[in-house]
Each structure stands twice: as C-alpha cells, then as structure tokens.
Amino acid sequence: MTILAWIKDKKNKAILNTPEYSSQSSLSWCFTHKEAASNKAVSFINLSKRRALWTRCEKCGMIQFMRFFKENANLCLSCSYHHIMTSDERIALLVEKGTWYPLNETISPKDPIKFTDTQSYAQRIQSTQEKLGMQDAVQTGTGLINGIPFAIGIMDFRFMGGSMGSVVGEKLTRLIEYATKQGLFLLIVSASGGARMQEGIYSLMQMAKISAALNVYQNEANLLYISLCTSPTTGGVTASFAMLGDIIFSEPEAIIGFAGRRVIQQTLQQELPEDFQTSESLLHHGLIDAIVPRCFLVNAISEVASIFAYAPSKYKKLGNISHYHENTLSWATEEILRRNCINNKKVEYRTIEKIYQTTLYKESFFRLNKLLSKLKSEINFTNKMKKQNNAFNTSSVYANYYDVMLCNYNIGTHSLNLLFNEESEFCKYFPFNMDHMKKENRIKYNFITENSNDFIRKKTINDFSIMLIGD
C-alpha cells in the first residue's frame, strides 16, 4: 500500500466512525449540515482581510492581475480608465518618499446629534476606523512634490463615501492656516460624496469655515492653491473648496457635480447627455483648467508651482496678512473644548468661554516670557557690540529685532496692561516706549470683533493682535 492510499484509507475510516455519520443516513446528514451552515454567521472580518489576486476594470471589464494594476497607479492596463485610489496610495504617488509629515492625526469625530439609521453614527464611525485604520475621511500633512514643499490634504472615498464632517472641515481649516503661516503652497485632492448627513448642520458649517480660511490664504497671503478633483467630487465639497482653487485640475472621466445625475434626471424629466457631470464636460464649459492623467500629475503640479514661485517680482503681488492669527491653544486643549461643546449639551456657553479665556491667559504669558528672554539676549548682545564699537548701528536692531513678532497671539486687555506697564520687566529692556512706537507706525492694532459659534476660534472684543513691524 502506498502512502497516499494509506492516508486516504485513514480518512475514510475516521469519517465512517463519526457518531453523527453512522447514526444517520447520507441524505439526512446532508440536510443537517446544510441547516447548520445556513445558521452559522459569516465572518466578514476574515473575508475582508483576504487579498484579491485579480480585479476587473469598471469600464472595459478586462480582468487584470492586482499587483500589475497597483503598480500602474490603479489605471486599467487595457483602456487606461482611472479607478479610485486610497489616500495612502495617493500620498505614495504624489509625495516624495520620506518627506511626508502628517498633521492633526489624532482628531476623531463624535456624534453631536445622536444620529441613528440602521446603526448609530458612533458605531458606524468606530467600525470604519477599525477597518481602514483612519480617523476620518481626510489625511493632511506636508511633503515635497518634485522638491517643492506643499501643504497637502487628501480625501479618502472609502471612509463613509469621503463625506465632509466636522473633523474633515477642522483638519482642512488647520491645514490652510498652517500653510498661510508657513508660506506653503496648498494642494487639496477631493474625493467626496458631499456633506455628512449624520452630523447635520455641523457638517454644513464646514463649507463656510474652509472657504473663509481660503479667503485669507488666497486674497491676503496671495499664495497658490491647487485643487485636484478626482472621481467622485460632489455635493458640498464641490460647492465649497473644490472649486475655489487658483488652478483646478481633474483626472480624466471624473464625476464632478453637485446633485446626482439620477436626481437631476428625475427632476427635469428629460434625458441628460452622456458626458453630463464629467471632467471633459466641465473643461468644455470652463469650470476647470486642465484634465491631467494620473501619470503626469506630479510634473503638472510642480510645473505650475515653479512658474508661480520663480516669476519676476513685478508680476507678483506680495501678501500681507492683516488680521491673521495662529491657534492660541495647544491642539490637546482645543480638542477638549471641541468635544465638550459638541457632546455635552449641558455645558453652558459661558463655561466654555471661561475655560477658553483662562487657558488662553496662561499660554499667552508662557509665550511672552519666552519671547522676552529672546529680546533680552538680543539687547544685551547689541549693548555689548556698541561698547566695543561706537559706530555700531543699533537702530536697525531695535527697529527690526530680526523680524521677531511680538504678539501674533491674541492677548487679552489684562495681559496687555501687565506687559506694557512702565514698571514691567519687558519695558525695562524695550528700547522705545509705546507712544514713540505708535508715532512710527511700528505697532498695529487689529481689533477682532467677530463672534463665532466655533468655540475654538472664538474671539472677544477685548482681544488684540499686536505685531512688531520693522522698516
């Protein structure tokens, strides 16, 4: 007897000796196991972890090997149809290896209106986060594109259809503010179904918040914002930041629109063109600037940025951010305030404002003391050089302070009085008094009077933004 025959014989004996097989007929045994299999829950987690070896093109239907498909940047090897990419794949495609630095990774969405459909919004968020390993539908960070530094935001359609909620809006707004402060070019890759209905008015508010941040970035800082619309880009994303770019690129055959094709067709009761809401149709009507295939995206983006960066100065308008302010609180404190505002409806508005002002007061003085020590060292160095050389020009040092910003922080009136008190330690080292500085227009006051329901960015009338400006 061969080894294979011996193994087969042992298997047959083991099957025949099982109690359920020996006591039942073959037909009854089949029916019993069929019912048990139907009642047994399917393990979707195990199925989702299995990697497919083959994939089918959504346009031409060609079956292709998954590894070759991924190496070709999710392009069909037959018809070059652009399939949806994940945010990680998009980062690997656009950003130089080793230069990606993520921002605001830890911000996670909450359930502000306790929304429930087939399951609660909180459960849906948790399951999606565990499945994808992401906190929300956008990744933000900085990186190099052909050697040019960019602030980059990339949306991921896998996370609840790339819908824009409070976290997506907050991360993009912080990214834009960071790019404004650092003077970086901005690239946002859109892939979204629109505003997230599970968050109600909180999601709709993000459209205005992102657009307001872009207004400062584009019209005051005069920096370059490139918008890349991928398939699909619809709803509130299209109605806000996706169409506000200085340059708007799109991938071939991308679906870009506001309402869905089926909704419009049912409303108008007439047939729509085949190319309706496609990037080719939008290019024909002038809504986008260029359709760029995926393989040329990096070169196209870097070329536009190079033209903008290296243009002669007479063709460029220098930006002046008159009322820009950076986040006054650390991200951890902001996150605590945000969650208290959204989740705890019992917390009163005055309580949140008091917490904000108290924390602001502490952090402002910490930063001012740090700045004060820096100014002390500068003045001591200047006095030392003046003793050694009487011809040493101290006025330029005093006037410019190496472009040090005294306060790009919002400081309350009480903090101002303590800071600029004649007996304060700061004024002992400061070379000019306040009246002299005002006459030379070296200090500008920008009163922030707007009231915002976004508690993190709430400012009071007593807040100032003071900046020491040189010649």
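Note: Cβ is positioned from N, Cα and C throughout, glycine not excepted.
Straight from Swiss-Prot, the features:
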DOMAIN    53-323  domain 'CoA carboxyltransferase N-terminal'
BINDING   Cys57, Cys60, Cys76, Cys79  Zn(2+) binding site
ZN_FING   57-79  zinc finger
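Listed in chain order, the residues near the Zn(2+) site other than Cys57, Cys60, Cys76, Cys79 are Glu58, Lys59, Gly61, Met62, Leu77, Ser78, Ser80, Tyr81, each with its Cβ within 8 Å of the site Cβ centroid. Classification of Cys76 (Zn(2+) binding site) by DSSP places it in coil, neither helical nor stranded. In sequence order, Cys57, Lys59, Cys60, Met62, Gln64, Phe69, His83 are the residues of the chain that are 6 or more apart from Cys76 (Zn(2+) binding site) and have a CB within less than 8 Å of its CB. Cys60 (Zn(2+) binding site): 12 other CB atoms within 10 A of its CB, across all protein chains.
Counting only same-chain residues at least 6 apart in sequence, those with a Cβ under 8 Å from the Cβ of Cys79 (Zn(2+) binding site) are Cys57, Lys59, Cys60, Met62.
The Cβ of Cys57 (Zn(2+) binding site) has 18 neighbouring Cβ atoms from other residues within 10 Å, across all protein chains displayed. In this model, the domain 'CoA carboxyltransferase N-terminal' (53-323) carries an average pLDDT of 92.
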